[in-house]
Amino acid sequence: MADLEAVLADVSYLMAMEKSKATPAARASKKIVLPEPSIRSVMQKYLEERHEITFDKIFNQRIGFLLFKDFCLNEINEAVPQVKFYEEIKEYEKLENEEDRLCRSRQIYDTYIMKELLSCSHPFSKQAVEHVQSHLSKKQVTSTLFQPYIEEICESLRGSIFQKFMESDKFTRFCQWKNVELNIHLTMNDFSVHRIIGRGGFGEVYGCRKADTGKMYAMKCLDKKRIKMKQGETLALNERIMLSLVSTGDCPFIVCMTYAFHTPDKLCFILDLMNGGDLHYHLSQHGVFSEKEMRFYATEIILGLEHMHNRFVVYRDLKPANILLDEHGHVRISDLGLACDFSKKKPHASVGTHGYMAPEVLQKGTAYDSSADWFSLGCMLFKLLRGHSPFRQHKTKDKHEIDRMTLTMNVELPDVFSPELKSLLEGLLQRDVSKRLGCHGGSAQELKTHDFFRGIDWQHVYLQKYPPPLIPPRGEVNAADAFDIGSFDEEDTKGIKLLDCDQELYKNFPLVISERWQQEVAETVYEAVNADTDKIEARKRAKNKQLGHEEDYALGRDCIVHGYMLKLGNPFLTQWQRRYFYLFPNRLEWRGEGESRQSLLTMEQIVSVEETQIKDKKCILLRIKGGKQFVLQCESDPEFVQWKKELTETFMEAQRLLRRAPKFLNKSRSAVVELSKPPLCHRNSNGL
């Protein structure tokens, strides 16, 4: 029976994988719903205050670029060929071989440069033209051939074109998407969890599918009780910090994190899913690798380490078991549980796996940095070639003996190794850090220029253009059976109680990596969500021709911010009512959707603006003269932050002005005034 359950778990998992690759959006069981366009008022202020409304910030975000491109190609009157030129250059940079680059570079030159030069309409500098012409004439078609144009294209788009984008519906849509992104609160209900694929000291790893996009991920779940029992809180939180550091910027050679969240019992990391098994497993199945095969893995691992080291992260646990393969055979470095940030203080703890730890790591109290990873790389490459670590001779398992040999033994390299390979390994396995390859100030660049990697195009490595030596079998999970992986004994943690102080440790644990979420959306449901939203907004615009548009009321007035909020209503203050609010310097107005009557609360009547909580939801509490309360709830986190800020500042400024005003202005008024729409329409530009 257990075997049947294991087979069914594998089949379900593999079917989910195949469907996710073909049509991930079709696998989405939840829908992303964009907020209404009126969100722009609040979101623009929110983003501006965080310096997020600039050309570079928007253009360099995936969703921002897609919307800007859509605006340039479909909504602006004047032609904007620069955007297509930019995309052509980006595609050119990904090309694999020189022949393809030569052909494409000439096409780009003829279409976007020569054609405009002949018509005397070329808007770019003479230096950019000469740079491309000079290199093309010598057939020097590197991936950076058009780099001067990238900079000038961005400069040409940064001015009036970007300003027009800011005034368009496409910028409104950008605000809608950013509101969704900044209001993500993940729970287990946002994922379909499949079979277990691994287990560690604190928890398990599962295959899972994200419900609203259909994308497949690995979910690493750490048990909070087990963490407490083993006093591993610092390690667990450190892994979250290290993953957040390395998961920004595109790196195809690290198992990166897209989300982190927690439940009352678990800490959850949502990571890149790797289906090809690990190098330790394949070493046992395939046998030792040739120099050529090892070189392939070395190049990709070097780029992964370079990405970490550029962010001042030392990995400290490099070994074949931590190198995972994807379905195509390319590799990623996984499990950053022992990684460490050395930007402010160098570590000196002895951590890692015996047989791969550098001498300076073994010498307690000795500070080290990225140097330790280059030594570990040497040990790992040796194992791929010989089947064992250079310091684990005769299959000894005595950790003290392995450490002693690491600190004292000179590694003898077999004669079958090529001179270039011997030179590489001798350089990496130097006990003296000052003599070690990668530790002379050039870091990864020292390895890239080593003779062993002569002829390697590192841009091709980055783009994963070299064919892997081993392709994992399709249609297999490439992981141990669920029953072989096993499970934790619940009795171990039966007596462990999680207290409020334990949960407080994890209050800042949740995280969304913006660029990775945007990429996930762009690859899956972006177009479908936009199309659905366009239909909904078109229907609402048609309906509002009779009723009047909520946002229109704020135009041409001194309205500070406007948008939907929930107001605690009815005589018993138990029911939330959705209303459209307008904040002016001296009052807060609101009305129901489609209603013509307007309600008003003056700043003069407000005693204080406070934050409160109702059923774990943050709310804005306005205390009103006479002991009454006015409670508002926002539909997203950014809205709450911005509305609370604007209401507080407006109230404080109104109080300052009232203290200076003549006393006769402070006549008693009712707290809330019901007004019909026509009198409001006849007010002056100050709203009075």
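Yeah, the Cβs are placed from backbone N, Cα and C, and that goes for glycine too.
The model shown is predicted, which means the values in this text are computed figures rather than measured ones.
Among the features that Swiss-Prot reports, active site, proton acceptor is placed at Asp317. Summarising the annotation, Swiss-Prot assigns ATP binding site to Ile197, Gly198, Arg199, Gly200, Gly201, Phe202, Gly203, Glu204, Val205, Lys220 and lists sequence analysis as the type of evidence. As annotated by Swiss-Prot, domain 'RGS' applies to 54-175, with the evidence given as sequence analysis. Annotation source Swiss-Prot lists domain 'Protein kinase' at 191-453, citing sequence analysis. Residues annotated as domain 'AGC-kinase C-terminal' in Swiss-Prot, with sequence analysis given as evidence: 454-521. Taken from Swiss-Prot, the feature domain 'PH' applies to 558-652, supported by sequence analysis. The region 'N-terminal' annotation in Swiss-Prot covers 1-190.
Projection of Swiss-Prot feature records onto the structure.
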{"residue": "Gly201", "record": "ATP binding site", "contacts (Cβ under 8 Å, 6+ apart)": "Arg226, Lys230, Gly232"}
{"residue": "Gly203", "record": "ATP binding site", "contacts (Cβ under 8 Å, 6+ apart)": "Lys220, Cys221, Leu222, Asp223, Arg226, Lys266, Leu267"}
{"residue": "Val205", "record": "ATP binding site", "contacts (Cβ under 8 Å, 6+ apart)": "Ile196, Ile197, Gly198, Arg199, Ala218, Met219, Lys220, Cys221"}
{"residue": "Asp317", "record": "active site, proton acceptor", "contacts (Cβ under 8 Å, 6+ apart)": "Asp335, Gly337, Leu338, Ala339, Val351, Gly352, Thr353, Tyr356, Ser376"}
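Residue counts for the domain 'RGS' (54-175) under DSSP (helix as H, G, I; strand as E, B; rest coil) come to 89 helix, 0 strand, 33 coil.
Residue environment of Arg199 (ATP binding site) contains 15 other Cβ atoms, counted within 10 Å of its Cβ in all protein chains. In the predicted model, residues of the domain 'RGS' (54-175) average a pLDDT of 90. Once the Cα atoms of Ile197, Gly198, Arg199, Gly200, Gly201, Phe202, Gly203, Glu204, Val205, Lys220, the listed binders of ATP, are compared pairwise, the greatest separation found is 15 Å. With a 10 A radius on its CB, Ile197 (ATP binding site) counts 24 other CB atoms from all the protein chains. When secondary structure is read from DSSP and collapsed to three states, Gly201 (ATP binding site) falls in the coil class. In terms of DSSP secondary structure, the domain 'PH' (558-652) contains 19 helix, 53 strand, 23 coil.
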